[in-house]
Each structure stands twice: as C-alpha cells, then as structure tokens.
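Student: Questions regarding the structure given below will be posed in turn.
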Amino acid sequence: MNRLTTIILMLIVINVIMDDISESKVAAGIVCKVCKIICGMQGKKVNICKAPIKCKCKKG
C-alpha cells in the first residue's frame, strides 16, 4: 500500500512538473529568483525576467 501510494504521488509530481516545463513557468521562476539575487547585490530591482536567462535590472 505504501509503495503504491509513493508511485502514484511520484506520477502526479512528474505530471505537474512536465506541465510547468512545457509552459516554462518553472524555468521562468528560477530565472526570476536568480535575477532578484543578482539585482539585489547591485542594489537594484528586477525590471525584466524571462526564460531562458534574460534578466534586466532597474535602479531602486
């Protein structure tokens, strides 16, 4: 029972991830987090962030 539940959960997670990757929401989310860190280190805010890595910062 426990093994079956684990397999079902894994299939659901894989399905959700594949849906997100096809819409590239996950990639964009990761890129935006990296952008926030990079811009934050420069004392700026994120202006544009898109996947694949396209990041532009703006002042203040």
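Including glycine, each Cβ sits where the backbone N, Cα and C put it.
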Student: What residue among Cys35, Cys39 is stated in Swiss-Prot to be the disulfide partner of Cys55?
Tutor: Cys35
Student: So, in Swiss-Prot, which cysteine from Cys32, Cys39 is disulfide-paired with Cys49?
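Tutor: According to Swiss-Prot, the disulfide partner of Cys49 among Cys32, Cys39 is Cys32.
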